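What TrEMBL says about this protein:
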- HIS571, HIS575, CYS682, HIS686: Zn(2+) binding site (BINDING)
- 2-725: domain 'Alanyl-transfer RNA synthetases family profile' (DOMAIN)
Amino acid sequence: MQSSNDIRAAFLDYFAAHGHRVVPSSSLVPRNDPTLLFTNAGMVQFKNVFTGQESRPYSRATTAQKVVRAGGKHNDLDNVGYTARHHTFFEMLGNFSFGDYFKPLAIELAWNLVTREFGLPADRLLATVYAEDDEAAALWKSIAGLPDSRIIRIPTADNFWRMGDTGPCGPCSEIFYDHGEDVPGGPPGSPDEDGDRFVEIWNLVFMQYFEDPPGTRTPLPRPSIDTGMGLERVAAILQGHRDNYDTDTLRALILASAEATGQAPDGPFRTSHRVVADHLRSSSFLIADGVLPAKDGRGYVLRRIMRRAMRHLHMMGTTGPVFDRLVPALVRQMGAAYPELGRAEALIRETMRLEEDRFKAMLERGLALLADETGRLPDAMPLPGEVAFKLYDTFGFPLDLTQDALRERGRSVDLDGFETAMSAQRKRARAAWSGSGEAATEQVWFELRERLGTSEFLGYDTEQADATIAGLVVDGAERASAGPGEGVALLLNQTPFYAESGGQVGDTGRITGLATHPGQDALVIEVTDTQKKLGDLVVQIGRIVSGEARPGLAVTATVEHGRRGAIRAHHSATHLLHEALRRRLGTHVTQKGSLNAPDRLRFDVSQPRPIEAAELAEVEAEVNRRIRENSEVRTRLMTPDQAVAEGAMALFGEKYGDEVRVVSMGDPVAGEARTAYSLELCGGTHVARTGDIGLFRITSESGVSAGVRRIEAVAGLAAEQSMLLAEQRLQQAAALLRVSPSELPERIATLLEERRSAERQLADLQRKVALGTAGGGEAATATENIGGIAFAARNLGEVPARDLKGLAEAIVQQIGSGVVALLSGADGRASIVVAASADLAGRVDAVALVRAASVVLGGKGGGGRPDMAQAGGPDASRAEDAFAAIRTQLAAASSAS
């Protein structure tokens, strides 16, 4: 039996031997493609290559790509676990030609791999072609020797691939495997094609046209190839199975689930184990690639996947967190091929553990809400769809769990109403990633780059350079010239200006040149920002102070020296901070976002809990220790594989080419294989030695979202200024309290205790006033009779709203039998509590009384129990009117009883 790891390696080795570059899988989070939630095919990382927006130093490539399909066009989530071949995560093996070979060699390579390398019998294979693709049909005959009976022409769009409404497109050809006549199902294109007999194992896309709306196709000058083979499908066939879940990798995860839950792998919970195995893979890989549970976008889909698995674990009788205990089994199976799993194992497990704890609590609240909602419905009436969706969206309560719970009560769900609410949520989730489409609409930048190419960046070695204005854009349109006062965007043939990227802000400075006409002022442009267009086009943005700018003019570009130096200090400090955090908190800490500005840095990291003050102090001290070492900051160019082999960190969401810039700082730690203390792939600018940073100071730590913490800090002169300001404030505080700075903590502690004592005395006095026991106060037992029910109403003024319930209970005890209404106007807002004695149960409903008062106070109702309820409103001035409303409601209740 060939293992999945062996099959993956054999595929990549085969194409490497045929001149293909083995390219690592890209992240599941597509870079520079906001139209996709997740990477859903092997060609995604090559999209710009196929469209001509990007070039690579190779024309043939092969990959084993991580793929998630659980949202948008490709959504397999609801079928996972119930079928043999649906997954949210799978591996897509592919080979690609960028204008190199085309149909003949693509078909030959595919056929030889499956029949010779994999050893599949030729008489079990058949091919589909697009109905109009006579060339492909003829090639399958001549190369593979397939008869007409095993070359099936498909007339539908299923066998014609399009990148979008506009762009490359072309016919497809698929290879199918026939399991034999004893398996139900028909060949592709037949009415019973959905059976299990014929299984698609490889799809070959022949990109040979460019399509313009409305459907106009022109031949591409350099046709390309994009193929995709599902590893799980071919592994099932090679391992003698008809079900992907019986393959070695997935079976190992199913057995791990069975061991963790104590439920047999092939018993009544067979489907649940399959769901858990699949969702373990997608959840783990998404977290490893930087996605964390959230309320929208990618995080929303991840949360849905995780909670679906956790719901199945709950169905199997688990009580505490279990999902994270399965991660080591996944790392054993796939960690060698995808080392990011091992690197992120701690983060994956902690994220799962926290999410399962939340889900268990929400599950209990959701079941309680479901019982409450169904209790209000007439018998057999379906649960409204919006309620079912509220359970799903707010409590993470899957629809099928709601249906199961209702089935026990003889009810169903209004599915149409649920789908309406779900559709609205899907639109909101995708809207979070719809993007602005700027690159598509700013055609001027495409045209300029096509004509002029990109600028050479000189800023690593200099802050000033002679250059030529290559292109000039004003108000989104290309111009031949621009004059004083006009805002401009400039392309230079070479530039020292760093364009904003990788968290580092863009440079500012000046561009100067000679006058273009006699008597005209010399050119001066104040550069206020530098940005990238289309990913690699450096654009200097600014305003002309004097003179005239025009393409072809020789200029001198000068970066603002002090600002660049401050940015360098903050960026280098960020690298040291990242490493110090990983060493103090764990290797699960990875960068989620950053800002390196001249006056501060901001660093977002994956961290499931708040970072304690003591930990921050240790991290700050470690960074300053490395700064004082004054070690050289080295930059080297190497391949990504070499960089990772040396221990360099590749950051989440970044897409690296064949040559990367590695920045290293500090001496290597004894006993470690890494060549430096900090080693990162980075394209930014840095100090020459760590001592040039000067000083580092953390100013704040906070939460950004679930599992992400933000550290803000200052370095260099900004750190000095921050410390001076803190010292000034310390001196000012000490002067106000008339103590020395060293005595401040003790003095503040004394003041706080005095304040707490005063608050306790005030609360006690307010309680006495409310109860009528403070000198001459109104007697607590003073009540009025309303229909035979004693009623006491008190406006307690500024008594804190939190004290109302306790006071109401005390007065009810004093009067013995009756109703008490207390109102507070603290903080400019009305808060009211109504309490009723136990003997009035069934006669008086405190909730109804407090809601009547709430309407008068401008509130939206209230809630609680029949014997104790509370409400509020913005208008505390209408206290007496609120009490009158309670009297009216109480009189009606007494007469009715």
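Along the chain as shown, the residues are counted starting at 1.
A Cβ is built for glycine as well, from the same backbone N, Cα and C atoms used for every other residue.
The structure, with features from TrEMBL marked on it.
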{"residue": "HIS571", "record": "Zn(2+) binding site", "Cβ neighbours (10 Å)": "26"}
{"residue": "HIS575", "record": "Zn(2+) binding site", "Cβ neighbours (10 Å)": "27"}
{"residue": "CYS682", "record": "Zn(2+) binding site", "Cβ neighbours (10 Å)": "24"}
{"residue": "HIS686", "record": "Zn(2+) binding site", "Cβ neighbours (10 Å)": "25"}
Cβ within 8 Å of the mean position of the Cβ atoms of HIS571, HIS575, CYS682, HIS686: remaining residues of the chain near Zn(2+): ARG568, SER572, THR574, ASN596, VAL633, VAL663, GLU680, GLY684, THR685
For the domain 'Alanyl-transfer RNA synthetases family profile' (2-725), what's the model's average pLDDT? 89
